[in-house]
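Novice: One structure is given below, represented as structure tokens, and several questions about it will come after.
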Amino acid sequence: IHATGFNYQNEDEKVTLSFPSTLQTGTGTLKIDFVGELNDKMKGFYRSKYTTPSGEVRYAAVTQFEATDARRAFPCWDEPAIKATFDISLVVPKDRVALSNMNVIDRKPYPDDENVVEVKFARTPVMSTYLVAFVVGEYDFVETRSKDGVCVRVYTPVGKAEQGKFALEVAAKTLPFYKDYFNVPYPLPKIDLIAIADFAAGKEWWTHLWLNEGFASWIEYLCVDHCFPEYDIWTQFVSADYTRAQELDALDNSHPIEVSVGHPSEVDEIFDAISYSKGASVIRMLHDYIGDKDFKKGMNMYLTKFQQKNAATEDLWESLENASGKPIAAVMNTWTKQMGFPLIYVEAEQVEDDRLLRLSQRKFCASGPYVGEDCPQWMVPITISTSEDPNQAKLKVLMDKPEMNVILKNVKPDQWVKLNLGTVGFYRTQYSSTMLESLLPGIRDLSLPPVDRLGLQNDLFSLARAGIISTVEVLKVMEAFVNEPNYTVWSDLSCNLGILSTLLSHTDFYEEIQEFVKDVFSPIGERLGWDPKPGEGHLDALLRGLVLGKLGKAGHKTTLEEARRRFKDHVEGKQILSADLRSPVYLTVLKHGDGTTLDIMLKLHKQADMQEEKNRIERVLGATLSPELIQKVLTFALSEEVRPQDTVSVIGGVAGGSKHGRKAAWKFIKDNWEELYNRYQGGFLISRLIKLSVEGFAVDKMAGEVKAFFESHPAPSAERTIQQCCENILLNAAWLKRDAESIHQYLLQRKASPPTA
């Protein structure tokens, strides 16, 4: 029966087919001829630009369907709940590699053209449309078999197969790990991993997606920890995901992890740190609360039951509840269905040989203590450790009411007590001043584990930002980190000092905070030096780069001189800088350099053959200080030299580089809005661009200006980001008014009588 009508509903991305007579109920086959565009939007079936070793520009054809873009490649019921098997054939030039989800089962000449072949792939298992993928291009590959016999390949640009070795080794280790963990085998005959030049990573879809993505984010860390225990990856998780999610989730413009999505255009908006990072964090908390053994058991029950079906969040809670006997659904609903998280206030009292703790919870808000009627409540799994054994929970309790008292047996008066062992619970802690005081030696002598030192400092910083404590208290705690050896702890502290530094660039004592930065970082800088020591791990190399960059940026005299010397040798080809030192050296010489320095950097960018080096240079260009050079960098950001998805980090770098850069970047975005918006349209890069360029402002009227600009230049997919940015600008302004004077006084008084180590 031939269809007689096609009615396109473009807004809803739908087409309705009408037939001349009523179709019989039952099974049928729908055959559609269609034509699509190999687009440039980095979604659907799109073309990705690459350069051959000889310098010729060519295109590969690749797909990115998550969340709702399979429909750009072929007509389909493009929703995760509607699953099917897929038989895919690709007709491609015969000198190109063609890949899809399954293995190739047939390759035959194409009748009309001898330069083309038809490649046929095996039928997929039952799956959602967004998982379908195909790639056509020029690639080399390395291959191995996992110990379960799955063929694993990593495809790389031509001539770069060597660079795929590490990815290959890791992939071959991870497949058996997941098989053992879930007790479910990998369902396909092969797995291909591929590095693609132009790729805007997945967007999110639908209400239960947070579970898919949050779970994936969490288990990636679990797997890395299994394969590379020396990476100390959970400390990195806290710094990269947990604290980032808490920053967003403390805003009034946050949203619950579970959001119901009405229209495809809203999907991009929910794609943010809440869905991924808070999702992963609450799953980490859940795993800790249940215990690994019961968690695995529950996961296996769930996966076996829903292998071919669509599942909702509640189904997972039910399986985990059956496996553990704990009230999982009741606990988790407080974390996924309402936004935000609690601040736990704790004070202690010694009662003979025991320690009595009084705990209370309130919603934590970036703008200060929660005011308003019915304060939301959480069911909080709480762990408590003491100096007797800082790595072990002395007590675990579920806090299911606004206030509760807890007695710790046999705790001596001189022992400290800490909440949230391992920084696993998704809450912030505010200690009474005596409890906090007693924890400081645990930071100095490193008896507190790294992830607890990080969490303590991060909690205090956000409490200061919210005006619950004074920023001066945090500066005092930061000074206790003089002996800190851990990269991730430094990275978090450095990030927070950077935020404070940006805030104080609005004052006339910006130099004073630079002095503080130099004081905090110079002892560790001296210990590390410039050159790798025998037996170091990659985290030490990262730490060296971080510390030298911080000192160089702050204008630390000897660091600056050494950076200039090494940069000169690097440029002249006498002594090439190691990869870890390039960013800090580039940043330092640019910030304290002139037009010649910038020209040299742009030349290095042009000559770089590795994308990684180009990106490294793009990210530091914004350190340039003079107004005309800043303009030059901004113009460069939109030039052919920079890949579209990297323009954002160049502009963001300018905005984060200096006070003038911030104003210039914002003006540049307004002046070039049409071009930028057309480039990224609904993608997540537009949100990222806006966030990076305006979040450093700290004047009330800027929030109004940003809001007004986007009212007249709407960016629907970034709406929530814009609200969050405006809220942050107002919060910054309030923080500055509140604390600037006391910070200034503290820094002056420190200068007058330097602290004794």
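Glycine residues also receive a Cβ, built from the backbone N, Cα and C atoms like all the rest.
Just so it is clear, the model here is predicted, and its values are computed rather than measured.
The feature Zn(2+) binding site is assigned by TrEMBL to Glu213. Feature annotation from TrEMBL assigns domain 'Aminopeptidase N-like N-terminal' to 3-131. If you look up TrEMBL, you'll see 166-202, 204-335 marked as domain 'Peptidase M1 membrane alanine aminopeptidase'. Residues annotated as domain 'ERAP1-like C-terminal' in TrEMBL: 416-729. According to TrEMBL, the feature site 'Transition state stabilizer' maps to Tyr276.
I would like each feature placed in context: is it buried or exposed, what are its neighbours, and how far apart are things?
Specialist: In the predicted model, residues of the domain 'Aminopeptidase N-like N-terminal' (3-131) average a pLDDT of 91.
When Cβ-Cβ distances below 8 Å are used as the criterion, the domain 'Peptidase M1 membrane alanine aminopeptidase' (166-202) is approached by residues 42-43, 46, 48-50, 60, 62, 64, 66-67, 99, 101-103, 122, 125, 135, 139, 141-148, 150-157, 213, 219, 222-223, 226-227, 271, 296, 299-300, 303-304, 307, 611, 643-645, 683-685 of the same chain, each at least six residues removed from its ends.
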Novice: Give me the Cα-Cα distance between Glu213 (Zn(2+) binding site) and Tyr276 (site 'Transition state stabilizer'), rounded to a whole Å.
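Specialist: The separation of the Cα atoms works out to 6 Å.
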Novice: Tell me the Cβ contacts of Tyr276 (site 'Transition state stabilizer') under 8 Å, same chain only and six or more apart in sequence, or just say none.
Specialist: Trp210, Glu213, Gly214, Ser217, Asp241
Novice: Kindly report the helix/strand/coil residue split of the domain 'Peptidase M1 membrane alanine aminopeptidase' (204-335) according to DSSP, in that order.
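Specialist: Secondary-structure breakdown of the domain 'Peptidase M1 membrane alanine aminopeptidase' (204-335): 98 helix, 0 strand, 34 coil.
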Novice: Report, as a single number, how many Cβ atoms besides its own are within 10 Å of the Cβ of Glu213 (Zn(2+) binding site).
Specialist: 19
